[in-house]
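Here the structure comes first, spelled out in structure tokens, and everything after it is commentary.
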């Protein structure tokens, strides 16, 4: 029995969402504590004079307007179990007007080539069916609340994000998007069970449940083959899905236009929005090896926009050579919820040797239904423009997904070092080597111990880390002890969400923006979404994923740490002359080796 099901069976009395109401509320940290951490965080980026000035601004803020805003934030926290939740959803996701499909969505390759599903033409539908079947089984487990509750050092974690994996879609708005979720547990009532399929610019739906039972792989095979045969023998559809990759206000206006053109279009859109998830049948055949997933990572994140519904919380992408990828809107959940589901699917695929071992019987299901939108010349030309704009934008992205195979978590642990700290330090050193200065860095930490908690920022670029980087680049310096020092001092725990809360209170009250946020130190240290290094550990499984850089002159650096290897995805924009994702990634790998040598020399 798989680990997840074993947990389920061992504790049949525990239901996935049963502790939601007893989780502690998200606390507001003490003001002096957050401001003291903030001062530590800006230090590496300022000279003595600038630091003095910032220190004065912070003192003034702490004793003046900051104190007032903090009181108001405490008042807000009294009436809400999570004072940040609505604000974060809006500020981080729904208020954005840029193309969120490009700049915000996350995705990554399936690692199945490493065991039962090597690259092979003609396997697309067959493998898709097995993958979809296990995804439907996970949905079923979630509906009956049999997905194991996650814990961190015995603390129960909030499971709310899992509800966003299915039947969830972002709806574009002219000034702010909204998020629709139709998922319900069995106890809560009926839940939509149909699936959306995108293929060659066309849209189909079919039900994932027939007469009370989930459709089996042979039944899914019948549905997908029907769709594929039709799409391959008839002209391509209009590719309406490409509109989801546009800038948000533009897509919102076009959506209104579509609905105005024919009210039936709204019914069809609602069908997609409420569907369980989207199946993308992609004609591309990306090359991948266990040491280099670059091509499949690239196409997973920025592939054909006519076969991705960018606003859906989960798109399962199936390429024509049997490779798979996941592609998700980021607003309903963070990567760990997705990785839990994907790990369950992978476990089941391995358990069944990549095959379906059940009955080949196919029930008499209704055929898939095509969603035929009413479009006019304006819509068709807008779709063409959207595709053109999208391809131009994504052609500027440089992205590599490489695997460092010399060692991984196992060896790092024998040196008594924390694997995540090890990678973050190597990244700091690599950035310093490439750019000659420290790089302000955002690493995701989770706050799921609290009700509806999501993430907080930790800032790995500390004074100690920068000192250590300098010592590593100075041949005369004593480095050994320094490595240990940094490992102890590493990380500035979160204060960013607190500062955001204070700023939003000021905005809600119609007050001027406090000087702290206008100070150059705030921006150069990464505040206000200006982090040059946007990073996250995607965990210790075979799944790696990525999002794109936060700023034009920055990098995205996402990594998974396995026992024997480290998988890294690094991205940057080609139009920025000073960044180079390939060079940074290779330099990080070199730094891994240098740091290991250092621990050998220090006899750690």
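Cβ atoms here come from the backbone N, Cα and C positions, even for glycine.
According to TrEMBL, the protein has these features:
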type	residues	note
ACT_SITE	330	active site, proton acceptor
DOMAIN	26-480	domain 'Choline/carnitine acyltransferase'
DOMAIN	494-588	domain 'Choline/carnitine acyltransferase'
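Sorting the domain 'Choline/carnitine acyltransferase' (494-588) by DSSP state (H, G, I as helix; E, B as strand; all else coil) yields 30 helix, 21 strand, 44 coil. The residue listed as 'active site, proton acceptor': 19 other CB atoms within 10 A of its CB, across all protein chains. Computed over the domain 'Choline/carnitine acyltransferase' (26-480), the whole-number mean pLDDT of the model equals 96.
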